[in-house]
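Summarising the annotation, TrEMBL assigns domain 'Aminotransferase class I/classII large' to 33-349. The feature N6-(pyridoxal phosphate)lysine is assigned by TrEMBL to LYS223.
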Amino acid sequence: MTTSPQPRPAIARIPPYVAGKPPVPREGMTTYKLSSNENPYPPLPGVVEAAEAAVRTMNRYPDMGNASLYAALSAKLAVPTDHLALATGSVALIYQLVQAFCDPDDEVVFAWRSFEAYPIAVTAASARLVRVPVLADGRHDLDAMAAAVTPRTRVVLVCTPNNPTGPAVTQSELDAFLAKVPPQVLVVVDEAYVEFVRMDDAVDGVATYRRYDNVLLTRTFSKAYGLAGFRVGYAVGPAALAGALRAVSLPFGVSGVAQAAALASLEREDELLERVDSLVAERERVVAGLADAGWQVPEPQGNFVWLALGERTLEFAAAADEAGIVVRPFAGEGARVTVAEPEANDRLVRLVQDWVSPS
Ligand code: PMP
């Protein structure tokens, strides 16, 4: 019998989180990190100034209530502040909501492949993973997900646009799904990439939450607002659900510097959303370039594209390293590539043209 402290058995089952690799420096060549769906543009000067000013009070704990940021988000979204929950990135919200809503062996349903933190958070809480394969075109199979709901299901995670495959769920698909899900099941709409969506009838998470008592959405400052390193995400949901997330949040989790950066970004939202527009234009250019090369991707609605390369995935990732672009491979399945600066995107298109022969 072992005498040392033992973590819960679930801890040994937690799958690793594989973070996107940093770019490999190459002689005489700019290299690009396209492996973490980051925004290629640094924070705006006014955002940097606000964060720098906040550094001067870092001897103090931050405002634990995040009052200014809650007020700004409440005004932006036209929702009461008690319908919001701020956290250290939207990934923290995933952990918090599993912790708040699941007992051991309760079930969490989600599409697969999807965001790799889902199985980590669910396993860490000793809850059960119910993974429903995405359709061949990378979309959620919402019929199968509804069919997977059992009396043990506490949470369903809907990732739209889906990381890593790209497509978004339509409002009519989500409404049809919600009509089938019992009201005691929490449906989380993960909208980490919502600002990049350009399609008719896309899910409107905020409007949806206003119509259902069991819907909560999560968003982040990491992608469109370009603040990944600051770690700020938020949830919007009915007061009782948002309150449960706040109850299990890490005290003082969102630093004063992060609060200042997020606030200053909201004040400069127009400029940041123009950058998003240019990334969306680049995304369209990449899709067209790949199509010219004879390669179709599932309809990308985030800031990334999915190359379903199957067994050739790791070989492709190695060739991408050689070409000075670091992609995110999922061995045996495909590679996810972030849309970034035009030069980086050109390299991706050239690489696919030169290297991949369409299957
Ligand atoms: N949801 C999805 C679908 C994501 O892809 C990510 C980041 N890759 C997150 C949530 C978490 O983002 P963050 O914690 O930076 O807000």
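Every residue, even glycine, has its Cβ placed from backbone N, Cα and C.
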Within the predicted model, mean pLDDT of the domain 'Aminotransferase class I/classII large' (33-349): 97
For LYS223 (N6-(pyridoxal phosphate)lysine): DSSP state (helix, strand, coil): coil
